[in-house]
Amino acid sequence: GSVIGCGETCLRGRCYTPGCTCDHGICKKN
């Protein structure tokens, strides 16, 4: 749920930062 350490825009649901998941177009961690 946090964008700290993530926050990248995720295209096609893919995040390149380890441990981050795509949530409504933004990569988030927990």
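A Cβ is built for glycine as well, from the same backbone N, Cα and C atoms used for every other residue.
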**Item:** Disulphide bridge to Cys22 as given by Swiss-Prot, partner from Cys6, Cys10
**Value:** Cys10
**Message:** For the C-alpha pair, I'd like the distance in angstrom between Cys15 (disulfide bond) and Cys22 (disulfide bond), rounded off.
**Reply:** 6
**Message:** Under 8 Å between C-beta atoms and at least six apart in sequence, can you list the same-chain neighbours of Cys20 (disulfide bond), or say none if there are none?
**Reply:** Gly5, Cys6, Glu8, Cys27, Lys28, Lys29
